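Structure record follows, encoded as C-alpha cells.
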Amino acid sequence: MSFWAVSRGLTPQGKVAPMLNPNQRQFLEDELRYREKLKMLAGGNAIDDVYVRKPDTVDDPLELDKHDSFYKTTKSLLVLFQIMGVMPIHRNPPVRNMPRTGYSWRSKQVMWAVFIYSCQTTVVVLVLRERVKKFITSPDKRFDEAIYNVIFISLLFTNFLLPVASWRHGHQVAIFKNMWTNYQYKFFKTTGSPIVFPNLYPLTYALCVFSWLLSIAINLSQYFLQPDFRLWYTFAYYPIIAMLNCFCSLWYINCNAFGTASHALSDALQATIKGEKPAQKLTEYRHLWVDLSHMMQQLGRAYSNMYGMYCLVIFFTSIIATYGSISEIIDHGATYKEVGLFVIVFYCMCLLYIICNEAHYASHKVGMEFQTKLLNINLTAVDTATQKEVDMLLVAINKNPPIMNLDGYANINRELITTNISFMATYLVVLLQFKITEQRRSQTA
C-alpha cells in the first residue's frame, strides 16, 4: 500500500516514502495503467481511449508499393545481388495476404543463382588447383610468395561458403525487406508524411558501380605487383571481391536509412507534442520506434552468417598480410610485393571500419539522439497521459536497445574495431617473436 501511496502522492505526513528500484517502479506503473484501463472499460469508454497497439490489418499491396521508397531507391543493389547470384530474393506480385518480398528455392532467381554459382565455382576450382599445385611444387619457396598463396587461397574458399552463408538465410532477408515495406506505410498512416531518403538512389547506384570498379582495380594491382599472378586468375577473384564490396555497401545503405527514419520519427514526435492531447499519437510513435529497433536487429539476424564470415576473412587476411609484409621487409627489404600486401591490409581495415562505424552511428541516432530529444521535452507543459507516454517511450528504448547484433555472435560497433586491432597486435607480436628467434638460431648455427 505504501508503494501505491507514493505513486499517487498520498504519503501521510511524518512518514518516510519508500525508495523504489527501477524494476519496482516499472511494475508499479504497469499495475497503475492496467487498473486505469479496467476502470475505463467498466465505465463504458471506447476501446480507442485505451493506449494499446492497434491490431495489424492487411494493407493494400498497391498502397505498400506506393510508399515503399526504400525499395525504389535501393533496387539497383537488389538487382545486382540477383545478377551475381548472391541473394536471390524476388518481388511478389501485388496480391493481398502475400508479402511483397519473397524467397523460394524453386524461383527463377534461385535457378539463375545456381547457374551463375556453378560457372563461378568452375573458374575458382581451376585457379585453386593451379595455386595449390604451384605452392607445393615450386622450388623457390620465398616467404612472401607463401603468404600471397595463403591469402588468395583463403579468399577462394569464401566462394564455397556462399550457399550456406547467404542462400540459407534468404527467408530472413525477405522478412527484413518486408519489415521495411510495412514500416514505411505505417509511418505514413501515423504521421501523415512519408519517409524521404535524400540522395539514396544515386548513392546506391554509384556504390554498385564503385564496388565492381574497386574489385577490378584491386585484382589488377595484384596482377602487376605479383610476377606469378596470371591475368586469368583475376576472373576468379572479381566476383568475390565485388561481393565483399557490395555487402559493405548494403550495410552502409541500411545504417544510413535507419538514421534517416529515426530523424523523421523524432521530428514528427516533436511536432505532435506541441498539439493538444498528444498521448494517443505518442503511443503509435512508441510502436514505430520499437519496430525500427526490431528492424535493426533483424538486419543482423538475416545476414549473420555472411557478415560473420566477412569479419573472419578480414581478421585472418589482415594478420597474415601484415605479418608477411613486416617479415619480408626484415629479411630482404621493401619491394613492390610488400606494397601489394599493404594494399590488402588497407583494403580489409577500411571495410571493417566502414561497417563498424556506420553501425555505431545508426545505433547512436536511433537510441541516444532520439532519447536525448525525449528528455528535452518540457513535461510540465503537457497533461498527465502524455507524461506517462513519454515515460513509457523512454522505458521502451531502455528495454529494446538498438544494437546491431549478428544473431548473438557479435555486436557490430566501434568496439569491434579496437578489439580486432588488439587481437591482431597480440598475434603479430607472438609471430614476430618466433621469427626473430628463428633468425638468431640461423645466425648462431
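Glycine too: its Cβ is placed from the backbone N, Cα and C atoms.
What TrEMBL records for 110-128, 148-167, 200-220, 232-253, 307-326, 338-355, 416-434 is transmembrane segment.
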| task | Using a Cβ cut-off of under 8 Å, list the residues of the same chain at least 6 residues beyond the transmembrane segment (232-253) that approach it. | result | 74, 77, 80-81, 84, 86, 120, 123-124, 126-128, 130-131, 152, 155-156, 158-159, 162, 200, 203-204, 207-208, 210-212, 214-216, 218-220, 222-223, 303, 306-307, 310, 313, 351, 354-355, 358-359
| query | Taking pairs 6 or more apart in sequence, does the count of Cβ pairs under 8 Å between the transmembrane segment (307-326) and the transmembrane segment (338-355) hit 3 or more? | reply | yes
| said: So, taking each listed stretch (110-128, 200-220, 338-355, 416-434) in turn and counting its Cβ pairs to the transmembrane segment (148-167) that are under 8 angstroms, which one gives the highest count? | reply: 110-128
| request: Please give the sequence-distant neighbours of the transmembrane segment (338-355): residues at least 6 beyond its ends with Cβ less than 8 Å from one of its Cβ atoms. | output: 144, 147-148, 151, 218, 221-222, 225-226, 244-245, 248, 251-252, 307, 310-311, 313-314, 317-318, 321-322, 324-325, 328-329, 412, 416-417, 420
